[in-house]
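Each remark here refers to the structure printed beneath this line.
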Amino acid sequence: MCAARLAAAAAAAQSVYAFSARPLAGGEPVSLGSLRGKVLLIENVASLUGTTVRDYTQMNELQRRLGPRGLVVLGFPCNQFGHQENAKNEEILNSLKYVRPGGGFEPNFMLFEKCEVNGAGAHPLFAFLREALPAPSDDATALMTDPKLITWSPVCRNDVAWNFEKFLVGPDGVPLRRYSRRFQTIDIEPDIEALLSQGPSCA
């Protein structure tokens with residue numbers, strides 16, 4: 001599908017349920033519609049970032065603690081920020097296990113194939129998320145700080161600024177809040193708890 005058609009599809013979507021992604025381990029694409037009624041935490045991840053250990057372990061912790069109550073954490077590896085996800089899809093899990101975080105680490109949440117989150121080749125899910133939530137709620141001025149590191153085109157004001165930006169999606173599939181890379185994953189827990197306490201959506 002060409003970039004224009006991807007952008008049109010993202011603009012027409014009303015929720016994340018319109019999108020699908022292929023699991024990192026391979027197999028058929030997963031429709032996010034299959035997660036209807038769940039609270040979703042979506043992050044663009046990288047295995048060689050300065051916050052890889054912190055964010056990956058905190059993503060695991062949230063999935064472990066809140067998964068039984070209806071949270072689903074989704075990770076999308078991306079190499080657009082400092083080339084910090086330069087491994088092939090089939091190498092990423094071993095990188096996480098033996099390098100960073102290392103120590104036998106295994107993600108307990110859903111990881112998908114590498115994708116782009118900005119520019120003409122952006123995954124339509126991220127084009128939709130950026131349109132729905134143009135800036136992080138904790139830092140509305142968050143932007144890529146070093147123009148030399150911008151490798152995509154076109155550049156937009158609502159672009160993801162770096163690895164580990166977070167998007168919180170309600171049980172109706174509607175994006176509710178975006179958090180910058182500086183906002184620790186574990187600190188989203190109160191917002192997740194508030195959504196889980198409302199019970200499943202009938203949407």
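In case you wondered, yes, glycine gets a Cβ from its N, Cα and C as well.
Annotated features, as they stand in Swiss-Prot:
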MOD_RES   SER34  phosphoserine
ACT_SITE  UNK49  active site
SITE      UNK49  site 'Subject to oxidation and hydroselenide loss to dehydroalanine'
MOD_RES   LYS88  N6-acetyllysine
MOD_RES   LYS88  N6-succinyllysine
MOD_RES   LYS114  N6-acetyllysine
MOD_RES   LYS114  N6-succinyllysine
MOD_RES   LYS148  N6-acetyllysine
MOD_RES   LYS148  N6-succinyllysine
MOD_RES   SER197  phosphoserine
MOD_RES   SER201  phosphoserine
Conformational class of LYS114 (N6-acetyllysine) under the three-state DSSP mapping: coil
DSSP state at SER197 (phosphoserine), helix/strand/coil: coil
For the residue listed as 'active site', the number of other Cβ atoms found within 10 Å of its own Cβ: 20
Where LYS88 (N6-acetyllysine) sits in the secondary structure, as DSSP reduces it to three classes: coil
Candidates UNK49, LYS114, SER197, namely the recorded positions, that fall within 10 Å of LYS88 (N6-acetyllysine) by Cα distance: LYS114
Secondary-structure category, per DSSP, in which LYS148 (N6-acetyllysine) falls: helix
Listed in sequence order, residues with CB under 8 A of SER34 (phosphoserine) and six or more positions away: none
Length of the line joining the Cα atoms of SER197 (phosphoserine) and LYS148 (N6-acetyllysine), in Å: 44
Rounded inter-Cα distance in Å - LYS114 (N6-acetyllysine), LYS148 (N6-acetyllysine): 22
Euclidean distance between Cα atoms of UNK49 (active site) and LYS148 (N6-acetyllysine), Å: 17
